[in-house]
């Protein structure tokens, strides 16, 4: 405001004084040019006379741009960063080339014929993607040879050769595994496949891995290294990808129930958009001819007013139609996305456990969120945009064609070529922007890591070096950003704007020629220029929409593929209903069951497993880790289907029962108890039928908590049953979570109880409380059966039957007393033949330690006898040495009662000594001398009950005291001799 006021005041003073500012400005300009030896005509307008000056300006500007943005001069910071990258890349190349090196551990395992996938970690060759990142910097999009790595020397040449080899091999594997995965998904055979192939097949099932490999080659590798992949390999991969996409799109009918109710609403949105595109453009562009009519006198002011008002009302309708169309599209998109995500989640939760074992949770999360979002957005937004651009192009072309046919052809023909050039320029700009973003994210990640791990940085005193490293990286990033800024504005944006403005000025020139010829009016010429600009933007919009429209089929195929899956174990609405008995007796029988997990079919877990459990029995399963105990529980729960054999429940195949009904009559208490982020009440009643949850009372929940020994800590919470357990029950201890799991099991009133290491992860005190709660629950389930899996054999002593498993089979079964009578037999190599249970029991309870302790006591007794004999032989001398050794310390600690007794006696003696110290001091000295003389004359020892400590103390005598005894046997080396308080 101040500047405007001062300027206006100066302008007024100049006008009042008669000074012509324009003339003064021209004179000032001529004076400046004259001082430089130039005239205005030699600078502007463009002519032969001004050409040298303009050329000089252009050359100087180009030289400045080259020096400022594209000089290529390397600074010290840039050189330091590139040297760091060079060292890292060379180390990675060297390591990648050594993947075939000799591995002693691997050869040793091969010799021992232990090639199991869990024992032998096979070395895999590096993937083509990893090798590509070693020879090409994807972040900065430049060859690593620009960092100073010679292209004609090692290890670059060998790495490039390995990259070509692995690229071909990866394409062959991707095509083969994708075809195998599709065949397996359709129920095809899977025999004869390698174990690694079976593991990797799941990654290629939906074609995503193959698509990513194709995009890597087409968008990056081919641009950096040319056509290095054999043409027939690329063709085979593209054909395979097309087959997968076609098979997936065949299942689009699964989306029809969600799509059909939305079609009328979506057609309304399309109609509104078409109305706006056709009517709005014609109405707006028709206003330019009104001014021609007013200027020519063919239109009165009254007609101008009504026509303008009508046009405004049309535009108002068009505005509401356009925005209303997008609002309706947003509503349709939201409803469709909601239905698709609900269907995906519902169908996903109905799949068998094999589905979740084979497909990673990250991929499932992507299908649920990302694919559903992309499908809903592209399916409704892109067609609406396409309709808008299509009808808008028709209306613009129609309006321009009506103005002048020759002008329409002259303007329209170059527009597609110009729009295509603009499209590629914009793509290059986007690519450059992504490069800047990746560089910035990489630098930010390094900085964040240093700040986050500041304690480690300080432990190694690396603050100064990290600061210098950050400064170098920041300077290097600044150089890249400066280069990108110059490239973006001067190489991409400038030509783009010149193309747009060139089309506009070209139309203005053509319009002027037609105005001069009388073919167009001034208003029509202005309208033609605006229409040509609109037409250019429309054609450019088509270039953006069509590629996006093609990518719609990618999430569509994956979503349809997922929705078409049908489980084999879990219930599905399309499958026939199964048995739902009122209750189960709990008679379980396994008959020659063979089983392998679907994720590792080459590794068999159960081998001809057979056993039977009668109703009302409590049985236990023991065995080494990996013997198949928990796997048997999973088969009873119907998580998996055995490959061979049968499982009977109450005399019928377990597959005849409804899975959900069967599991509601089971209660499982596992080692790792899972609680949801809900209240304690909701966690306890979780899994009950809805009608039961609605009718359950607080008294029933409280009674279940009391039986599970959980009510004591639940009532300590301020909100009691309404206390939130936190995510995965983080607000509760392990014992508390386990007791809540027991309460959850009790309230279900199960017929079959499954306890899988329910107390193994608890401390001693918590184990006692939880075990008591488990005993109560088992006692209440007298009519059903209880299966207990435990490594601590003391918890299984009361079982009606104990099954001992080893390597997927039953080795022994019976009561605890019966199994303990079986003698342990082993081969020379240590392999068990008989007595598995007894061997486990003795291992846990230390039989060898007990026998060693007895031997130690016997040896100690013999040693004491020898010491007594020595003392009798030389009483005075040995007694003196005995007292010295005793004073230096018999190392064994006393028991608690002996310690208290000794302390009490010492206190009594101190009191007596304080009272009689002055009176009896001389008498005590005389008595001690007399006693020593008598003992020396008699040649006997004092009473050993008063001198020697009790037997347990002699067991812990210090080695130093033993070494002082002459003739004593060497001490027995045994860990149990190192006594601790309380043994």
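The backbone N, Cα and C atoms fix where each Cβ goes, and this holds for glycine too.
Among the features that TrEMBL reports, transmembrane segment is placed at 51-70 (among others). Listed by sequence, the residues of this chain that lie at least six past the ends of the transmembrane segment (51-70) yet keep a Cβ under 8 A from its Cβ atoms are 38, 42-43, 482-483, 485-487, 490.
TrEMBL lists 287-551 with the feature domain 'ABC transmembrane type-1'.
What TrEMBL records for 307-329 (among others) is transmembrane segment.
Counting only same-chain residues 6+ beyond the ends of the transmembrane segment (407-426), those with a CB under 8 A from a CB of the stretch are 397, 400-401, 492, 495-496, 499-500, 503, 506-507, 510-511, 514, 520, 528, 531-532, 535-536, 539-540, 542-544. If you look up TrEMBL, you'll see 407-426 (among others) marked as transmembrane segment.
According to TrEMBL, the feature domain 'ABC transporter' maps to 588-832. Each residue in the domain 'ABC transporter' (588-832) has a pLDDT score, and their mean in this model is 82.
What TrEMBL lists as region 'Disordered' is 931-983.
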> Same chain, outside the transmembrane segment (307-329) by at least 6, Cβ under 8 Å from its Cβ: which residues?
Replying inline: 265-266, 268-270, 272-273, 275-276, 279-280, 283-284, 286-287, 290, 299, 380-381, 384
